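Have a look at the structure below before the remarks.
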């Protein structure tokens, strides 16, 4: 199975799927903000940044998927982004499921001074909502619960792809081939 996953990771389609899915989810978030009028909170902004990290990872490997170092960089960036997104989503979910006056998220994003994304791209990274509010649901799951599911899937898939890159598999001996 690992050999098959390694072969898949050398195909452009896998990395296109990663880049496209994260871009589609980012576009959906922007539609929720500007089309439906839902206000993003600070944690939503951080989750968007993690999704953009996944898009960048997919784009890096899409350039030349057969080059091992590019695949490794893309997998590392994608795994880092998906794990950070999952951890932020868990924190966000905790704020929504267990609201308390002492558990609040900040109002201004805490980006490094050298990368003030909320000032450079305010149409994407400017938070205007509260983290405690659940504004949308689908099939009984809130948007944050869906993000936990999505980031979990990304973590599992990218972890398996990374393991397939570093573990050597034995070639199967075939009788008639």
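Glycine too: its Cβ is placed from the backbone N, Cα and C atoms.
Quick caveat, the model's predicted, so the values are computed rather than measured.
For 41-44 (among others), the entry in Swiss-Prot reads disulfide bond. Applying an 8 A CB threshold to same-chain residues 6+ apart, the list for residue 41 (disulfide bond) reads 92, 105, 127, 129, 130, 131, 133.
Around residue 131 (disulfide bond), taking its Cβ as the centre, 23 other Cβ atoms fall within 10 Å, counting all chains. What Swiss-Prot records for 105-131 (among others) is disulfide bond.
What Swiss-Prot records for 1-14 (among others) is topological domain 'Cytoplasmic', and it gives sequence analysis as the kind of evidence.
Helix, strand and coil content of the topological domain 'Periplasmic' (32-49), in residues and according to DSSP, is 12 helix, 0 strand, 6 coil. According to Swiss-Prot, the feature topological domain 'Periplasmic' maps to 32-49 (among others), an assignment based on sequence analysis.
Annotated topological domain 'Cytoplasmic' per Swiss-Prot: 66-72 (among others), in sequence order. If one looks beyond the topological domain 'Cytoplasmic' (66-72) by at least 6 residues along the same chain, the residues whose Cβ comes under 8 Å of a Cβ in the stretch are 9-10, 60, 165.
Annotated topological domain 'Periplasmic' per Swiss-Prot: 91-145 (among others), in sequence order.
Annotation comment: Swiss-Prot describes 165-177 (among others) as topological domain 'Cytoplasmic', evidence class sequence analysis.
Residues or ranges marked as transmembrane segment in Swiss-Prot: 15-31 (among others).
Look at Swiss-Prot and you will find 50-65 (among others) tagged as transmembrane segment. Sequence-distant contacts of the transmembrane segment (50-65), counting only residues of its own chain at least 6 positions beyond either end whose CB sits under 8 Å from a CB of the stretch, comprise 9-12, 14-20, 22-23, 25-26, 29, 71, 73-75, 77-78, 80-82, 84-85, 88, 151, 154.
Tertiary neighbourhood of the transmembrane segment (73-90): same-chain residues 9, 15, 18, 43, 46-47, 50-54, 56-58, 60-61, 144, 147-148, 151-152, 154-155, 158-159, 161-162, 165, selected by CB-CB distance under 8 Å and a gap of 6+ residues from either end. Marked as transmembrane segment by Swiss-Prot: 73-90 (among others).
Within the same chain, residues 2-3, 5-6, 8-9, 14, 25, 47, 50, 54, 75-76, 78-79, 82-83, 85-86, 89-90, 92-93, 138 sit at least 6 positions outside the transmembrane segment (146-164) and bring their C-beta atoms closer than 8 Å to a C-beta of that stretch. Positions annotated as transmembrane segment by Swiss-Prot: 146-164 (among others).
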Count, for each of the disulfide-bonded residues 44, 105, the other C-beta atoms lying within 10 angstroms of its own C-beta, and report the residue with the smallest count. 105
Could you pull out which residues elsewhere in the chain have a CB under 8 Å from any CB of the topological domain 'Periplasmic' (32-49), counting only those six or more residues past its ends? 26, 84-85, 88-89, 91-92, 95, 105-110, 117-118, 124-131, 133, 135-136, 143, 147
Secondary-structure category, per DSSP, in which residue 105 (disulfide bond) falls: coil
If you average the pLDDT over the topological domain 'Cytoplasmic' (66-72), what number do you get? 84
Could you give me the DSSP helix, strand and coil counts for the topological domain 'Periplasmic' (91-145)? 18 helix, 6 strand, 31 coil
